[in-house]
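Data first, discussion second: the structure below is written as structure tokens.
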Amino acid sequence: MAPPSEETPLIPQRSCSLSSSEAGALHVLLPPRGPGPPQRLSFSFGDYLAEDLCVRAAKACGILPVYHSLFALATEDFSCWFPPSHIFCIEDVDTQVLVYRLRFYFPDWFGLETCHRFGLRKDLTSAILDLHVLEHLFAQHRSDLVSGRLPVGLSMKEQGEFLSLAVLDLAQMAREQAQRPGELLKTVSYKACLPPSLRDVIQGQNFVTRRRIRRTVVLALRRVVACQADRYALMAKYILDLERLHPAATTETFRVGLPGAQEEPGLLRVAGDNGISWSSGDQELFQTFCDFPEIVDVSIKQAPRVGPAGEHRLVTVTRMDGHILEAEFPGLPEALSFVALVDGYFRLICDSRHYFCKEVAPPRLLEEEAELCHGPITLDFAIHKLKAAGSLPGTYILRRSPQDYDSFLLTACVQTPLGPDYKGCLIRQDPSGAFSLVGLSQPHRSLRELLAACWNSGLRVDGAALNLTSCCAPRPKEKSNLIVVRRGCTPAPAPGCSPSCCALTQLSFHTIPTDSLEWHENLGHGSFTKIFRGRRREVVDGETHDSEVLLKVMDSRHRNCMESFLEAASLMSQVSYPHLVLLHGVCMAGDSIMVQEFVYLGAIDMYLRKRGHLVSASWKLQVTKQLAYALNYLEDKGLPHGNVSARKVLLAREGGDGNPPFIKLSDPGVSPTVLSLEMLTDRIPWVAPECLQEAQTLCLEADKWGFGATTWEVFSGGPAHITSLEPAKKLKFYEDQGQLPALKWTELAGLITQCMAYDPGRRPSFRAILRDLNGLITSDYELLSDPTPGIPSPRDELCGGAQLYACQDPAIFEERHLKYISLLGKGNFGSVELCRYDPLGDNTGPLVAVKQLQHSGPDQQRDFQREIQILKALHSDFIVKYRGVSYGPGRQSLRLVMEYLPSGCLRDFLQRHRARLHTDRLLLFAWQICKGMEYLGARRCVHRDLAARNILVESEAHVKIADFGLAKLLPLGKDYYVVREPGQSPIFWYAPESLSDNIFSRQSDVWSFGVVLYELFTYCDKSCSPSAEFLRMMGPEREGPPLCRLLELLAEGRRLPPPPTCPTEVQELMQLCWAPSPHDRPAFGTLSPQLDALWRGRPG
């Protein structure tokens, strides 16, 4: 056993078994540091928070506060984990044994290539864990293996792997104890480092075999000890090898049930590298539901059961596109264990300030929230934030110490003769909970009181006066060293600040011809528009499609606002969400006309005026929550709306008969950034106060203010009295930081007050707003709706039936509910249409892309079914998502249903936005496409049609591979296949062996990827496209078929020319991809880190 150190617990160690006879005690076991029993901390009678116990254990193990969030407490058999907020009550006869373990895992912990902690610059990133955590993780893994907790196989190969792990274990012991291998093996048996089942196998061998195995271990141990690797490198190797052998050890699986049914239980699996997956029954084939950044909210409710099963809990996870996963857990502890796991991963990956529900919220985080205190961020991030705030003297940041659990750090900006400087003060918290700061005469009961005492205390730090004036409070989604960046996962969108600065708001929309529009009655006027009801008619393949539309005509008197009006149209045309109004396009004939879907019940403010007291509080809560979902979607995209009010919220479905109401947020219209002060004053109280201060930028926080005012309007049944005041009195209301009258529901009034905080930095994120609304919906606020006895209240659904249960596959779309909207694309083999799947017939269903064949012969149907099966099996951030299929009558026809990405294909996107897409963005796209192709290759899938036209754009920073019509799966045991019926092919993207012999492989896809790189860096300019360049090389008097001439050119070594602005390193990669021999081309797994390194090395 290792000698005592400063990490050894101060409490004496006694029994560590659940069967301990000691009464009235709680024991927290720590992983053993070597052979022997585990260390433990013991606590006597009283109440203990799980998070406080974790802090005590972290201090004993030397775990710093930065890494505290990786750990949690579990029962001794690991059947249940406890959220940080759990309270353990120890009474006279109780004895509880807990285990302190690292719960949150990430792929390839070590180094910076796969995952790392966020840094201000790409060269300032740091590893996820430090040496103390590494040591703890090693002890945890080693204990699991040698105790028999991990299931192990006993094939000859696996026996060799475990013997290798034993050698690494012995080598690190030799390093720690400074012993030679021979000396170590006199006191420690190599079999003590093996799983029990393998120990038994070896013990059952004859003497000669046991001696041979021991000699092999000794020789291997001498070789390892002779190398230069230190103890920590040996530990890291041990951990990586064990996680490679047992990847399930880094995931957690939960057995769940389908609500309202008595079927076989399903399985939920949570993993740090890909989020939540599910499987029906006991099948081990898991389907991905969502990654952590896609989660919008999580809620826990009592399951709708009666009788003995009343303890069951229903957990609902809502993802960004509106689909939900509902899973029924046998009890509250299991449900909280699952939610705490998802909650913890979300904080580590997405937002260190967020928690999904109060039942699992870490108490230390709640304390930080109340005190406007940051977590244990480093000094670099604190100074960076003060600089971003303008480096104003007196601004300060309060943060937890990254080194000490009982200390806080005050970092403030002070004025010196040389300019602004940054000084720090240490705040200590004593065991009684009092806070003290050197220079203050007495301790204070809270941080808030201590800081108030600092404001006019005359404190000096290093000779500089410390006069605090304003606090830089924590903000949602702030990037810091507390965030883990996972390479190869969907990039988080950057915070949006202004439509003019936002990527998606570049003018880009579908143009609608005048003769396709039919005008009906006038519906009134907007601030800048005349509004008409109308009809849009489109003819596709001789078939006429009619859609009822709303026509917004820009008033000619407001020509100066035309650009902002078109920016709003562009924004709405490039987003797709159930609770956002669909924009068909813009008609530019004479006046600018925005063509939108027609929402039948109109604006919700008018509806509330008509219905008055007949509208229940429960109905209003659901409407408010749906609005929050829409604004959360825009917030995640970094897109401010800027004009949130009840008149912009349209009611698509009234609700009733078990269905909830359904709203859609309309376009923002003209942005506040171009309006005069008089017009902005007219929008009080919906416009945020900062928008009146001649600001030329519109930030996301403005929408929180508008949401608060709209929520007040919805629950009050009409606009606030302030709307009828004179302009001067309205402005005075803002100058005095007035508040709207408080609603009678205290919690809702508090939420509105938070949203309408005059300091934009104090307003909550929409995820936090949704969390608080969930608390209202699942509380006694439902009683206010006064439902009729015997009639069930409407479900709290996001998208009107778009649910995904843990044990149910929602892959069949009824053809009659697919409503055609427009044609997205048409090729030689099929067409893709934009449709709305609308089973309720009220235009509330989700938008989807639907692919169907042009010709439906038996061969085409077979190939189409193969394409569907391939896409269905793929789950990657960089491949378009499969949604399901739709069958015609008698299953005579088949359609593929996919996610709809409104930004279109990469080819058109590059052509439209060439001026603002710089090299770093092109490299990001290239890396993402390469990662997607690497994923396909690992699944033996050859795409065969990789080109920019078949890459779809989800956002300014995210692309996905699509169109698997030509894709093939490689036969087992083969690295290529030969196409017998090649048909029409994109020859200018094909490798030589594909052109001459119809041979396709992962290497032929690499050739096509080289052509895609060429397309990226030429911005898909038609004048220098691959086909145009090769035809130019062939000359005007070319003889024979183009394919033969192309083969001759390639055999002569002719290749596409280097694009003018392409970096030399990318040109070299292109040439490697175009090597004549397939074996000389790099694999996607080799190209991916090279492109990643190029992208990370670019400025910005």
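The backbone N, Cα and C atoms fix where each Cβ goes, glycine too.
In Swiss-Prot, the annotation phosphoserine falls on Ser17, out of Ser17, Ser42, Ser280. When the alpha carbons of Leu824 (ATP binding site) and Tyr900 (phosphotyrosine) are compared, the span between them is 10 angstrom. Between Gly830 (ATP binding site) and Asp945 (active site, proton acceptor), the C-alpha separation comes to 15 Å. Lys826 (ATP binding site) sits 15 Å from Tyr900 (phosphotyrosine), taking the C-alpha atoms as the reference points. Same-chain residues at least 6 positions away in sequence with a Cβ under 8 Å from that of Tyr935 (phosphotyrosine) are, in sequence order, Leu874, Ser876, Phe878, Ile879. Counting in whole angstrom, Tyr900 (phosphotyrosine) lies 10 from Val832 (ATP binding site) by their C-alpha atoms.
Per-class residue totals from DSSP over the domain 'SH2' (372-472), listed helix then strand then coil: 18 helix, 38 strand, 45 coil.
The modified residues in question are Tyr900, Tyr976, Tyr977, and the one with the fewest Cβ neighbours inside 10 Å is Tyr977. If you take the C-beta of Val832 (ATP binding site) and look for same-chain residues 6 or more apart in sequence within under 8 angstroms, you find Leu823, Leu824, Gly825, Lys826, Ala849, Val850, Lys851. Distance from the CA of Asp945 (active site, proton acceptor) to the CA of Tyr977 (phosphotyrosine) is 15 Å. The average pLDDT for the domain 'Protein kinase 1' (517-777) in the predicted structure is 89.
Here Asp945 (active site, proton acceptor) is positioned 15 angstrom away from Tyr976 (phosphotyrosine), judged by their C-alpha atoms.
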